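As written in TrEMBL, here are the features:
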BINDING   His84, His86, Glu90, His129  Ni(2+) binding site
BINDING   His84, His86, Glu90, His129  Fe(2+) binding site
Amino acid sequence: MKAYYYDNVEGNMTAPHNSGRQVDLETLEKAGLIYKHCPSIDVVNEIAEQRHYKNRDIVKLNKDTFQGGERALWSQLEKFFHEHLHEDEEIRYVLGGEGYFDVRSKDDEWVRILVQVGDLLILPPGIYHRFTLTEKMDIQALRLFKDEPKWTAIPRGENAGDLSLKREEYLSFLKV
C-alpha cells in the first residue's frame, strides 16, 4: 500500500497523480481506515470472522469484464470515480492487479491509496471516496459484506451524502 496526496492535475484518472506528499498509515488510521497486508486468504477469513462479514463476492475489472470491452470499462470507471459515500463499510481484498482508492482527508483534500495484491482496505461508513484502476487497467478483488451484498453509492452534496446519518457519525468520529 502506498498513499499520498492527489496532485489535482487534470488528466487521466488512472494516472498516478502523485503530488510527492506522502501519507502514512497512522494518518489513514486516524481517518478511520483499516489497512492490512494479508499474504493469504486465511488471514482475510480471520478478519472477516472477527468483524462479522458474512457475505462475499469477487469483482473483476478489465477490458474483458464488460460486454463492449474497453468502452464499457471506461463507462463503469467513470461511475466509480464520482465522489460518494456508503452507509456500510467498504471492504476490499486485492487478489490480482491494482487500483486506486481516493479518500477525503480531514482537511477535505484527496488522498490517493494504491492497493495491490494482498492488500486489504476497509473504508469506514460515511467517508467520501472514489475508485479507479491504475494504468494497468486490471484488478480482481474480494468484496466483503456484513449483510447481503449491496453497493449503494450516495453522492456528495447538500441533498444526498451531506445529509446522511452515517456522514454525521463519521464527522463526529473525526471531531470536525
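Note that the numbers count up from 1, one per residue, in the order the chain is shown.
Cβ coordinates come from backbone N, Cα and C, glycine included.
Summarising the environment of His86 (Ni(2+) binding site), the number of other Cβ atoms within 10 Å of its Cβ, over all protein chains shown, is 20. Same-chain neighbours of the Fe(2+) site beyond His84, His86, Glu90, His129, judged by a C-beta within 8 angstroms of the site's C-beta center, are, in sequence order, Leu85, Leu123, Ile127, Tyr128, Arg130, Ala153. In the three-state DSSP reading, His86 (Ni(2+) binding site) counts as coil. The number of other CB atoms found within 10 A of the CB of Glu90 (Ni(2+) binding site), across every protein chain shown, is 20. In the three-state DSSP scheme, His129 (Ni(2+) binding site) is classed as strand.
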